[in-house]
Each structure stands twice: as C-alpha cells, then as structure tokens.
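Notes follow the structure.
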Amino acid sequence: MSAAGEEMYALVERLYPLCRSITGDGVRATLEIIDEYVPLQVHEVPTGTQVLDWTVPQEWNIRDAYIADTAGNRVVDFAASSLHVLGYSVPVSATMSLAELRGHLHTLPDHPTWVPYRTSYYKPEWGFCLAQETLDAMPDGEYEVRIDSTLADGHLTYAEHVVPGQVADEVIVSCHVCHPSLANDNLAGIAVATFLARALAEQTPWYTYRFLFAPGTIGAITWLARNAERVKGVSPAHGDTPARAKPSVGEEPGAGGRVKHGLVLACAGDPGRLTYKQSRRGDAEIDQVMRHVLLASERPHRVVEFTPYGYDERQFCSPGFDLGVGSLSRTPYAGYPEYHTSADNLDFVSPKAMADTLVLCREAFTVLDRNRRYVNLSPYGEPQLGRRGLYDSLGGRSDAKQAQMAMLWVLSLSDGEHSLLDVAERSGLPFDTVAAAADALHGAGLIKA
Amino acid sequence: MSAAGEEMYALVERLYPLCRSITGDGVRATLEIIDEYVPLQVHEVPTGTQVLDWTVPQEWNIRDAYIADTAGNRVVDFAASSLHVLGYSVPVSATMSLAELRGHLHTLPDHPTWVPYRTSYYKPEWGFCLAQETLDAMPDGEYEVRIDSTLADGHLTYAEHVVPGQVADEVIVSCHVCHPSLANDNLAGIAVATFLARALAEQTPWYTYRFLFAPGTIGAITWLARNAERVKGVSPAHGDTPARAKPSVGEEPGAGGRVKHGLVLACAGDPGRLTYKQSRRGDAEIDQVMRHVLLASERPHRVVEFTPYGYDERQFCSPGFDLGVGSLSRTPYAGYPEYHTSADNLDFVSPKAMADTLVLCREAFTVLDRNRRYVNLSPYGEPQLGRRGLYDSLGGRSDAKQAQMAMLWVLSLSDGEHSLLDVAERSGLPFDTVAAAADALHGAGLIKA
Amino acid sequence: MSAAGEEMYALVERLYPLCRSITGDGVRATLEIIDEYVPLQVHEVPTGTQVLDWTVPQEWNIRDAYIADTAGNRVVDFAASSLHVLGYSVPVSATMSLAELRGHLHTLPDHPTWVPYRTSYYKPEWGFCLAQETLDAMPDGEYEVRIDSTLADGHLTYAEHVVPGQVADEVIVSCHVCHPSLANDNLAGIAVATFLARALAEQTPWYTYRFLFAPGTIGAITWLARNAERVKGVSPAHGDTPARAKPSVGEEPGAGGRVKHGLVLACAGDPGRLTYKQSRRGDAEIDQVMRHVLLASERPHRVVEFTPYGYDERQFCSPGFDLGVGSLSRTPYAGYPEYHTSADNLDFVSPKAMADTLVLCREAFTVLDRNRRYVNLSPYGEPQLGRRGLYDSLGGRSDAKQAQMAMLWVLSLSDGEHSLLDVAERSGLPFDTVAAAADALHGAGLIKA
C-alpha cells in the first residue's frame, strides 16, 4: 500500500500547479490527468442552465495576472502560484497607487508568509492574494495591475467514473475539483478517490460505485439536478413535493432511487487522525459501517455529527434528498491553520497519510459490500449443523469456536431485521467472521438474502 | 424588573391576611384584589354541581374563632392569623376542659413556635392550630371554645383572565387561591401569574394565554369539567371513552382541543433555586421549552419528573386529559420545613425571588411563542442564499457567521418534523438566532410554517 | 426455607449416581425419582421421529464399562463414576496396547485429579474419561477394554408437570435432565424446579405453570415440535412461514399461543451469585420481572444479554419461536473451572445456594403472577378517593402515605400501556405496595384489567 501512497502523491504533485475554479480550463486539465488513471466520462453543462435553485454561471478562464512596480518587476505573479488571484476575478488592466490598490489585496496578517485563498464567484470583483510580508515590502507609489481573465458563456465541467458492480444499486464517492493550488483541500481527496476506484475495479464489487469529480456546491447541485431520478426514483421537477420526497417511516435512505450510500472525500492527506462526519440521518448504513470500521481498526479517529456546513455532503444530505452520504477526511473542514492558504502545499500532505485514508476506505467498502440482511429458513429451534458438515468442517480450524458462535448468531438474528453488521456489533465478533459464517449457512441453504 | 418584584411583593402583602379556603368570601376578596391588576372573569359554581368524579361542596365562611381561658383572654385567636382554625371547621361553641380540647388541637412539636396549616374539607370536623409553646403554656382547666363558621349551600368561586393571542390555541397558566395566610404557597404564585399576565398583554402574543385563579384540586376539577371541549375538543360526558381519549401515536398533547400547553405556578417566591416538574408525558413541548430556557439561562435549577402528587398538574395531567402541563416552582411542593406552617410568611418570600421567577416565565413563553415547525420549500440542495441578499445583508454584522449557520441549520432540519427549538438544541445555536434566521428565510419565501 | 434447601440437597444426592444421557434408562430412573415429589406425565418419543430440523436418535443404554490391566484390575471403572465413559459410546470389547488406547482417552492435564465429561451423540465413537494422574500411572502394555452399551431403536424420554392456574396462559420452567453425575449442571436445577413446582401448587397461581424435565437440545426441540400450537397458536408444519411467525410490531412474545413466559433453570446450586440471562427480545416481561426482583432483593447478581449459546433458551428463543424465555443460574454456563468435570460434585452445591435460588424464583413468579395492565375508568381528573373510603381506610396504617401514593400512581399510569411493574419502577414504590393499591382501586371499581 505504500506504493499506492507514492503514486497518489505523484498525482497530487502533477495537479498542484493547475489553476482550478468552479469552471474553466483548469478543471478540464485536471480531469484529463485523472483520466490517465481511471477513464472518465466528462460532462459539459452550458452557462445559464437552471440546476435546482441555482444557475450555471459564466465560465472563467485566466491566462496571466500580476502586480508590477514601476521598474516592471512583478511583485505578485500568478505564474508563481494560482492562489495569487482572487478566484473569478473580472479582468483589469490599470495603473494605480498602492493606496488605491489596497482595497483589492488580501493577506493573512497572523501568518505573514502565507498567501490566502479567496474567491468571489457570484459578485463581480477583482483582487490579488499575497503574503503580508510581500505587501509590507511594497513601497508607496504607482503599480501596474493586470488580470488577463475572461468571464463568458461557456460550460461547467464535471466528470464521472463508474466501477460496475453485481447490482445496479449505487454508492457514490464524491470529491471537489474546484480548488487551485491547495494540496490537502482537495488534491489528496482526488488522489484517494482515483486510487480507490482503481482498487475497487480489481474485483467486481457488489454495489456499482460511481465516482464524481465535480466543483464544490454548484457541481454537486448540477449533478443532483441531472440525476434526480437516479437519486430519488422520481424527478423533483415533476410534481415531487417535499412531503412526498421524505421517505416513509422505515424506508431506507434513497429508497426511491439507485443511490443507496455515499461518501464525500476531502482533506485526505494531512497528518491528522481520520474524521468521519455522519450523514444528516446519522443512522444510515454508511454511518454504521464507518463507525464500525474506524473502531475495529483501532486507529485514533473521530466521529462527528452532521452539520449543514462543510463539503458537498451539504447538498447530498439536503432534506429533499436526505441521502445516506457521510464525509471522510483527516483533519476536518477548516480545522487546521493551513486551511485555504498557501501552507496547504505539497509538504502538508504525505504518501503515508493518503495511503492510510485509502486503506480505511477499502476496509469500509468491503464491509458495506458484504453487509446483508438474511432470513433464517430454519427458524424453529436451531438447525442441526452437524449433519450438514458445518461442525465437522470446523474441527481443524483454530478459529472453530468463533466460527461456530458466528453461525449461531447469524441464525439467531437473521429475521430480516438485522444486518450482518448488526450481528457483528451485537455479538462482538469480527465482521469477517460473521460474514464467513453467513456464507457457510447460505451455502447450506439455511439462510436466504 | 426589580420594580415588578416590589409590586408583586406588595400584592402578596395585601393578600396575606385574608382567610382563603376552597370556597367562601376569602376567595372572593382575593379575586377582587387581583382584578385591580388584571381584569378577571369570576365564575360561581353552585354547591352540589357534579364536576367530573366530584361534587362542589358546601361553601364555608368564618367570622370569628378563639379559645379563651376562664378569665376571658383569647389564648388562640383567629383574628391574629387565619391559620389558627382548621380549614372547613364546623361551628362550635362550648366550654370544655383542656383534656377534652386536646383532641382538636394541632401543633408542630418539632417547631414549637410555628403554627401548622390543617384542613378537613370532606370530613366534618372542627379544630384549632397553634404553636406548641402556646399549648405548653395553657394550664389545665376549662376553656371557652368558639368557632363562628357556616357551612351552607353556596358556590365555589374561581376566576379567569385571558390575554388574547394571534391564534385561538391556548396556553393555560394556573395557580391555586385556596390557601390562607401562607406567602410562598401560594401568594407568590398568584403574584407572579398576575404580573406575567400583565407583561404578556404588553404585546400581542402568538398564543392566547388563559390564567386560572382557582382553589386547588376541586377548583381545577371544576374548571376541567366545564371546559372539557376546550381541553379535548369533545366532552368526556358524551361517550368519550378512555381509549379514545388517548391521543393517537404522533398526535400532540391536547390535539383535540385548544389548550396546547400549560404551566402550574406555585411556591414562586422562596429563596431556593427554580424547579421545573415535567408533565406526565415528559416530552411535551412545554417540557422541552422549560428545560431549554432553564439550561440556557445558566441559573442553578432542577428539572424533575412528573409525579401524580403536588399541585393541579395532577388534574391537568390525569390520563384522560394528559395535557402538556408542567409545574414551575422554586423549592418544590412540601420541600421546605416552612411548608404549610406559619413560617411560610412574608419574610420567607422576596421581591427578588419573585422577579426571578417572572423573568424565567417570560423567557420561556417567548420561546414557546416563537417555536414553530417549518417546511423547507427548496429542499433539494441548498437554495442560493446570495442572490436573495441573505448573505450580503449579513456582511456588516458581527454575528454574521452564526446567523448564516442558523439559516443553513433551519433549512436542513425544516422537514416538518423539527421545531426551531429542535434546531437550536441540535445546532447549539441560541434560540433567538435560530428564530431570527427562520424569520429571514420565511421573508424570502424559502420556508413555510 | 432452609428445610427446602436440605430436601433439595437430598434429592440431588439421590440423583447423583445415575448415568443420564439424552436417551435411555438413566433418564427414566431420574424421572421416577422426581415423580415421587411432583407427579410427572412422562412422554416417550420413538427413535426416528422427525422433530423440527432434527431426528430423534437411537436410544443408548449402558450396563458396564472398564479398562482393566493384565492382572484384571479395573484401572478405570464405570461403576465408580458415570463420567468415565464417553456419552453415547458404541460398544467395544477388545484388548489393546496403551498406545492404541490413548486416542480414546480424555483427560484434563490442567486439573490432573479431575475426570472430564465428554459425549459424542451424533458421531459413532467410543471412549473413556479419566484423571490425568490415573493415566500417568498406567504402565505401557496391554489393556482389556470393554464398554457394554447398546445403541438401538427405542425412545427419547421427557416429562411434564403442570401446576394449574387461574388462566390457561402458561409459564414454562425448563431444566435439562441429560447430564450424568454432575451436581450443579444440572441436578441442582432439577431440584429447584421440583420444589418450585411444589411451592406454586400450595396456592392456585394466576398462570398455569408447566415444568419440563427433558434432555438438553434434542429434548427441548422435541417438546417444541410437539407443542407448536401451544407455543405459537399454529403449527409451523402447516404453512407457517418465518415471516408470519414473527409477531407484529407491538404484539407480545408468543402472542399466538398459550406460552407467555418462561425460565430455563441450570447451575442452580453453586456458591456464585445469581445470574439472569435475558431472552433474545431483552424486553420481554420475564426480563423486566427478573431484573426488578434481583435488584429489589439487593442480592449481588448479574444480568447478562442473550447469546445464542448456553442451555435450552437457545431453542425457546430461536427466531421462529422467539419466546419470552430467560435463563436463571448462579455461576453461568461454562463459567466455572469445575464445569463439565468430576469436580462438579456433591461438594460443589449446597442446600443454602439452592434455597436462595428457589426463593428468588418464588419472588419473581409472585411478581409475574400479579403483574397486570389496568385501565383507569375515571381518567378525567383524579377520582375522589375519600368518599370511597380509600383515604379513611388508610388512616391507621403506618404505610398509609406510601399506599396513597401508590393509588395515585396506578391511577395516573393505568392507560392500558403501563403494567403494575412499570408503575413500581417509575414510582420507585415496592411492587407489593403498587399491587395492593391496584387491588383496592379494582375493588372500588376505579380500574379494570
């Protein structure tokens, strides 16, 4: 797995210099690189398209931007870092005094060597982000200010990669691709998602896994608008009221649609411990799986409740959809000083941390994939396991006692209400042991899914 | 508010000397004084009226009572304290030895200077209450014993004061007016109820608030018997069986009637911390509100479970009605040595304590009044708050971040199941902030009640 | 009760030498002795009878068994202890070397003086159990090996004793009678069950109590197969699917049949504290009763969750039946070193421990028998207890206050949802006081069952 860590880190290094935003060529270039690892289906959605309560904005592209002194020296240069320009800056070409310029400059006085990350997507604005120490070193006087950007009708770009499963029911894995040169937020998440997709494809998983590489908020909203039937079974545009959209009591999250579970990946490469943020429901199967796997793994970790803030779980868990989608990160959203600054760089993420995140995801999806509700077909008294070879066959195994207990537990709790993970948690037995016992009982015709 | 405290104390002082009981002129005189503060509708219910399982008793009035020694000195005198006569004493006029008299004397040997409060409403009896030290000083010999009382057909008297609200749904606030010269139990409760009514009337509240000033037990039972339709929507006299009387699963307390919430006020002026006794249901909205407000106020306080003993919450919470009615006191029912003795006097209650009780009630009813369940009208993904000015408008406010979070929380949880108080408790945000966010969202047409 | 302890111990002493197994004359001899204490209905079920998923096996009987050295000395002798022969050993008569014999010898190296208890019911096998020190003392050489047993078509034997109640609804008390010379497992359980039956018969209990004396696993399965209608109301053989077999939400355990509650008795005489193992449901009435009685008795005790391993609660609680059957023992199943060894002998159990188990059972069944759900017939306000003599009658009793509180609690919670035990637990009053209050209220026509 350390090999995977190094490969993920190499992918992060390639993506790091690109200037991504919620639209534009930086996103396209990013998706082209990811496509080298896993084939992507890229979607282009025209400016002005109505998506749920939102409208796809104009496309933003930028070629060059700088602040130069009278000698022509670029004291702030977009070529050095994509962070130097306020995201979605309108074009500007002017000469102005430092005093006039100041209103357009963003710094972090508390971290004078760091460059902040700032955007103004929906309010026309221009600006530069720079280190406080750079600003402090700028003498009064005139400066040439230039942002060679365009805001024009175009497209919003996002991509999907699907790992086909044995059933059409889907697990979505989502990561945002709209942040410029920030390593943890979210190049590490992109890298873990990419390698997770590759790992899942090595065997045919139970569920169909759909990976989304989309800009934050507007990208998730665009995907939801175009996949309402996949998500809910009906289009919210066709008379689906909020009241009807709420599943009935006892109905599974997303019961109407194919999307059964989901995970948002972000901040996947920093040195902090793993953090799982539960879905809005809190009792979705993905919540139970993540809690179980984190606990069973004996990793230091944290499980937090849903809040309607953070990454695109906000959209997937909005009350109309209310999907069973949680979010996995290491240090969570806005939880580290380097967040949204130039200090979230290639030194802040590591192959080891990304590899650890990837391992946890694989463990979780292995449990999710094997988790079932069975019905005991011989529920009156215990079935005679011995004459079916289910005792004898165990005689030579060192874990025979545990395997036998697991069979009795699966038989006892397989009433259609308890999943194998419920059995594992109630019995205290490892999930693998329980799932193996279920396989043996299923093979003997004693339980059915 | 300290002005209110002094005014409430002055009201207690005026009411203190009157000899109240469950019927009679002492109650009428009490209501006449309260009527000077808030206009009362006084009800007179004739003796013999059937009220639920009870019958309105004869009316009791008393003019004079004493025990005099052979020299004619009154050693126990009703004129000195209304407590000296056993409540509902039948008339007596006799001369008897101390030995004979002793069976009719009530003292508190553990508190030799205190006079106990005793009654015998439903069993014909006469008696005197006196200090143990008074009794100890009484030499053997003959005494003149006289109680100039009448027990005759008349009326039970109670009163209502209504503060009209924006809706017909009602909150009842009840206090008992049957105790004689006892300050905390319940003149302080009467005073807080009176000034609470005045405070609520300063603005038009959401709910209609109905204040009951009625004798304990028989008064509440009489009111319930005469207001069954208001309370339950149907009269229990007309074929309503206990099985039907129980609300269906998910139905609100009192769903059938106008009375949605209620609070019994008693012992509102002693130096102890505030105590809220939950309704029989324990999960009524008034319970959640009182718990929340007490906790948020950071006052030392206590929340206790319902018991079928205490004040008139016993009647309102009887299983046939099962209203969402809790009880607020400072030191609770029978929880202090001065309880039901002459030591529950004007020194035992204070303006400060009554003012504090009043403030808490006002805080609680402010929350109750603003608490709503909304439905998010844009539940698919987050609505774009920016284009509605809900982000911009916040820019200059210091609590902008919290206000924005509150909007996201309200949107997330407004599925018809969560009240604003639920949102406040789950988010950890102040109720006021959440309610203000709901107002803003409601103004923008994003949620509906 | 100490007299009962001595009598139970005497019964254990009589039963101890017999060689019981899951079939055969040892079981019959055991039942004949129990029949001297309580009359038994003995059932004989032919070999080959299909019982649920199992088949009644051949009957096993044994007359003699030994290992003798060349001098003819019996170094291991069945006559000395029934444990010396592997249960269900096929017959053998041979001379063989110690080396050849070793594969058929079972010892406990960690407890060299103890003889283990081993069986091979469903796999034809022969063997001896002996102390490790006996084996160590056996010189190499030839040994005469003889087991004079028969495995032949015959019957499985079990017995029932019924204590008739006021209603046909049943409580089953089950104990296994298949273990040979083991005192705690399960002669102490047999003795407690026997004397519990005698005690219950001294008065007519509410429920009908059915005592089962049956071999473990196959005996319980046989009884369940022959009593499906009693247990579930329908025969699982006649089209009852597992889905239908599961009670509806809110339905009581075993709602379809007469068996409402049950208790498996085992390991009832060792010096350990009492242990109650809950039913699979965990919220069955028997679970609540046992938890309550153990707690109220202030005995050191332990309540553990259901596991699908142990004694015949495994069968009664299998998901198709899912009865409200728990298990009472002192030190639980396999929880002591002496378990399934010759050290589980007459020294390991005591009259005192068995008497204590019996007392607890009687306390529990007293509560179970009196536990009811009542409906308050006067649920609107409190009924006037005084005019019905329910206050007056209490005047002279020292527990008057508690009795009055109990009446108010019963009235408050008697809405058809709360049992008297619920009332006791919520009020903190003793169950006896609550039940007496219910009797008084029932006598006054204020509540109905």
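Cβ coordinates are placed from backbone N, Cα and C, and glycine is handled just like the others.
If you check TrEMBL, you get these features:
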BINDING   C:His179, C:Asp185, C:His340  Zn(2+) binding site
DOMAIN    C:9-234  domain 'DUF4910'
DOMAIN    C:59-150  domain 'DUF2172'
DOMAIN    C:258-371  domain 'DUF4910'
DOMAIN    C:373-448  domain 'UCP01524 winged helix-turn-helix'
REGION    C:234-257  region 'Disordered'
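Under DSSP, residues within the domain 'DUF2172' (C:59-150) fall into helix, strand and coil as 13 helix, 37 strand, 42 coil. Under the DSSP three-state reduction, C:Asp185 (Zn(2+) binding site) is assigned to helix. Same-chain residues that are not part of C:His179, C:Asp185, C:His340 yet have a Cβ within 8 Å of the Cβ center of the Zn(2+) site turn out to be C:Tyr117, C:Leu182, C:Asn184, C:Asn186, C:Tyr339, C:Asp344. Its Cβ placed at the centre, C:Asp185 (Zn(2+) binding site) has 28 other Cβ atoms within 10 Å. Applying DSSP to the domain 'UCP01524 winged helix-turn-helix' (C:373-448) sorts its residues as follows: 41 helix, 11 strand, 24 coil.
In three-state terms derived from DSSP, C:His179 (Zn(2+) binding site) belongs to neither a helical nor a strand segment and is classed as coil. Taking the domain 'DUF4910' (C:258-371) as a whole, pLDDT averages 97 in the prediction.
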